[in-house]
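Undergrad: The structure that follows is given in the form of structure tokens.
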Amino acid sequence: MGIKQLFQIIKEEAPDAIKEGEIKNQFGRKVAIDASMSIYSFLIAVRSDGQQLMNDSGETTSHLMGMFYRTLRMVDNGIKPLYVFDGAPPKLKSGELAKRFQRKQEATEGLEEAKETGTAEDIEKFSRRTVRVTREHNAECQRLLKLMGIPYIIAPTEAEAQCAVLAQAGKVYAAASEDMDTLCFNSPILLRHLTFSEQRKEPIQEIHLEKVLEGLGMERKQFVDLCILLGCDYLDPIPKVGPTTALKLIRDHGSLEKIVEAMEKDPKKKYVLPEDWPYKDARDLFFEPDVRKADDPECDVKWEKPDMEGLVQFLVTEKGFSEDRVRSGGARLEKNLKSSQQARLEGFFKPVPKTDAQKAAHKRKLEEKNEEKKKKLKQEKKDKAAAKSKPRGAA
């Protein structure tokens, strides 16, 4: 699910943090990709009759088709993808997963009804909602990646958190996912729409965390607190707290501790906290996720030559793909994986870490920016109140 309305807030408050460009702009870069999110997007690309792509035996092949051709497109454009699969979900996420399961059950019932009486749009809508990435989908995609020579890692828990660790360590340029909570896990750069189909004509969004924090006038802890308030996978949202209110609460109070205290002391009880709302546990999951360290041998990956005959056996013999297309794709893969060894110029220069003095100056700058925003909001309130108190018709 990610973080509700976070992209919209960044777009409005920190527009300089977002760059949009073509896939070819990522040439020569290694990217850690949230595999489960990608597979889900391949599976929901259903036809208007509500059916996924299938072979003659009636087996779903949408996930394999998407994984093969979208990965091929990335490699064609000089990108070296590293896929990261989800492990076991954190216990705190069980409530959200239960809700998703319930929604999928309801969608399945809705789909059956739509097939009887609904329009093509209804069928497509409900079909998307019933989609679930299974262990079999993951296992088949892992088998395919191995045959393609593309590395993958299975994270201990959340794939986005593992992608973020690899990006922080400089093992990859960025983490790629549609889930905005990748930024909460401290990924310096998030790429969105990287595994979308070419037909969708969606530009690649490149979001820089440092510029997000600068634009919002926040430190990372405040940013994570804002994301928890907006609504994340770990907790129920607070009723009546939307994006505008969440942003104002963080700017006024500075932390979730103070926000919770103010809500509990409010005699009017304008906002009522959910009965079980362990926000500190949620914050800990963002700051200390269960991940493999970047120097773990499992994270020491290589891009290998594809196994052409293995690809033909799996995709053509077992899954009914076109042999000509698979062989052509395998040849492109081998050729372009070699050519993507060419490094970008920026790869020769390591970023110099900030000194304590620079960090302190940056913190002061954020605090000053936050104070300016508070003063501006206060003045706007005064101006509104003054305008209301004026008699009608007064100049």
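A Cβ is built for glycine as well, from the same backbone N, Cα and C atoms used for every other residue.
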Undergrad: Per Swiss-Prot, which one of Asp16, Asp76, Asp86 shares the Mg(2+) 1 site with Asp34, Glu158, Glu160?
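TA: That Mg(2+) 1 site, as Swiss-Prot gives it, pairs Asp34, Glu158, Glu160 with Asp86.
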Undergrad: Write down the one residue from Asp225, Asp233 that Swiss-Prot lists together with Asp179, Asp181 as binding Mg(2+) 2.
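TA: Of Asp225, Asp233, Asp233 joins Asp179, Asp181 in the Mg(2+) 2 site that Swiss-Prot records.
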Undergrad: Which one of 278-286, 341-349 shows up in Swiss-Prot as region 'Interaction with PCNA'?
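TA: Result: 341-349 is the stretch Swiss-Prot calls region 'Interaction with PCNA'.
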Undergrad: Quick check on the region 'I-domain' (122-253): DSSP residue counts for helix, strand, coil, in that order please.
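TA: Going through the region 'I-domain' (122-253) residue by residue, I get 69 helix, 15 strand, 48 coil.
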Undergrad: On the 0 to 100 scale, where does the mean pLDDT of the region 'N-domain' (1-104) fall?
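TA: Averaged over the region 'N-domain' (1-104), per-residue pLDDT gives 83.
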Undergrad: Between the Cα atoms of Asp34 (Mg(2+) 1 binding site) and Arg70 (DNA binding site), find the distance and write it as a whole number of Å.
TA: 14
Undergrad: Provide the number of Cβ atoms within 10 Å of the Cβ of Arg70 (DNA binding site), excluding the reference atom itself.
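TA: Arg70 (DNA binding site) is surrounded by 20 other Cβ atoms within 10 Å.
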